[in-house]
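Undergrad: Have a look at this one.
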Amino acid sequence: MAIERTFSILKPDATERNITGAINALIEQAGLRIVAQKRIRMTREQAETFYAVHKERPFFGELVDFMTSGPVVVQVLEGEGAIAKYRDVMGATDPSKAADGTIRKLHAKSIGENSVHGSDAAETAKIEIAQFFSGNEIVG
Ligand code: CMP
């Protein structure tokens, strides 16, 4: 399988509980390498752009409020089949449906406060990475 890069966010519920290290350990144990990482406070504009695909959804306002409510850690993860692998490691969006051992099963509080985001496809990974990182910030 090809080496890929995917985009990850450790969300405000994770930074608030000081569990970013615990989540990074799960990421690394799965064989993914954190090749870029920074802690930022997302602006409303950044969050609205990032989640533009969900603009018409009833939870959009709540989602933007949450993602701007505290610091987040944005990351680029690299590894074999990284996009699908990270989605496996995260578990289902709704933590009550997430498999045992996944980040969301272990740490997420609810479908909204679900600790992590990961890209869903190669094209979105590319766009999401480019929104937050310039090429020289990613060191593989
Ligand atoms: P994420 O992978 O970041 O992509 C979109 C996010 O919308 C998703 O994780 C959830 O956190 C959030 N989301 C999805 N469904 C709901 C919902 N019903 N209520 C609130 N937030 C939701």
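Cβ atoms are placed via backbone N, Cα and C, with glycine included.
Pulled these features from TrEMBL for this protein:
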- His117: active site, pros-phosphohistidine intermediate (ACT_SITE)
- Lys11, Phe59, Arg87, Thr93, Arg104, Asn114: ATP binding site (BINDING)
- 3-140: domain 'Nucleoside diphosphate kinase-like' (DOMAIN)
Undergrad: Neighbour count, 10 Å Cβ-Cβ cut-off, for Phe59 (ATP binding site): what number do you get?
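TA: Looking across every protein chain shown, the total is 12.
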Undergrad: Given Thr93 (ATP binding site) and the residue listed as 'active site, pros-phosphohistidine intermediate', what distance in Å do their CA atoms have, once rounded to a whole number?
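TA: So the Cα of the residue listed as 'active site, pros-phosphohistidine intermediate' lies 9 Å away from that of Thr93 (ATP binding site).
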Undergrad: Going through the binding-site residues Lys11, Arg87, Arg104 in sequence order, which have a CB under 6 Å from an atom of ligand 1?
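TA: If the test is a Cβ under 6 Å from any atom of ligand 1, the answer is none.
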Undergrad: Give me the CA-CA distance between Arg87 (ATP binding site) and His117 (active site, pros-phosphohistidine intermediate), in Å, as a whole number.
TA: 9
Undergrad: How many whole Å apart are the CA atoms of Arg104 (ATP binding site) and His117 (active site, pros-phosphohistidine intermediate)?
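TA: So the Cα of His117 (active site, pros-phosphohistidine intermediate) lies 10 Å away from that of Arg104 (ATP binding site).
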